[in-house]
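Listed features, source Swiss-Prot:
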TOPO_DOM  1-10  topological domain 'Lumenal'
TRANSMEM  11-33  transmembrane segment
TOPO_DOM  34-55  topological domain 'Cytoplasmic'
TRANSMEM  56-76  transmembrane segment
TOPO_DOM  77-92  topological domain 'Lumenal'
TRANSMEM  93-114  transmembrane segment
TOPO_DOM  115-131  topological domain 'Cytoplasmic'
TRANSMEM  132-152  transmembrane segment
SITE      Glu139  site 'Essential for proton translocation'
Amino acid sequence: MSESKSGPEYASFFAVMGASAAMVFSALGAAYGTAKSGTGIAAMSVMRPEQIMKSIIPVVMAGIIAIYGLVVAVLIANSLNDDISLYKSFLQLGAGLSVGLSGLAAGFAIGIVGDAGVRGTAQQPRLFVGMILILIFAEVLGLYGLIVALILSTK
């Protein structure tokens with residue numbers, strides 16, 4: 001096995017896995033959040049069809065999680081080259097896992113809170129502000145992963 005001047009031939013594999021992890025895990029979280037809160041919207045809209053547009057917020061917030069993963073995956077993919085060092089590729093893997101797994105967790109939280117919040121808001125409209133605050137805290141979990149990933153990938 002030959003080594004280039006910067007690292008072994010297989011070094012780029014870890015960077016590619018970081019880009020893949022960023023996109024796959026954040027998209028899984030976004031898909032779960034969208035599906036879970038979407039079923040709550042569908043159930044709520046039977047009783048209160050006038051609240052459909054107001055209740056779409058959890059679905060939008062879940063979709064933003066996938067954008068975080070896309071941003072990091074594109075940054076990692078753009079930094080790939082033939083002579084990437086093993087150190088740099090492990091940083092890229094860490095960045096991808098950071099944003100991906102935090103996006104997965106945030107997507108799950110947004111889906112569960114969005115589903116329960118939308119159904120509860122249909123019964124008691126005063127719950128809307130509380131639901132939005134909890135959704136913001138869930139979204140911030142994904143944002144923390146994005147910040148760490150940006151720091152790691154630009155090192």
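Note: Cβ is positioned from N, Cα and C throughout, glycine not excepted.
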Which listed range (11-33, 56-76, 93-114) shows the maximal number of Cβ pairs under 8 Å with respect to the transmembrane segment (132-152)? 93-114
I'd like the per-state residue tally for the topological domain 'Cytoplasmic' (34-55) from DSSP, helix first, then strand, then coil. 19 helix, 0 strand, 3 coil
In terms of Cβ proximity under 8 Å, which residues at least six beyond the ends of the topological domain 'Cytoplasmic' (34-55) contact it? 62-63, 110-112, 114-119, 121-122, 128
Can you give me the same-chain residues 6 or more apart in sequence from Glu139 (site 'Essential for proton translocation') with a CB-CB distance under 8 Å? Met61, Ile64, Ile65, Ala106, Ile110
Residue counts (helix, strand, coil, in that order) that DSSP gives for the topological domain 'Cytoplasmic' (115-131): 14 helix, 0 strand, 3 coil
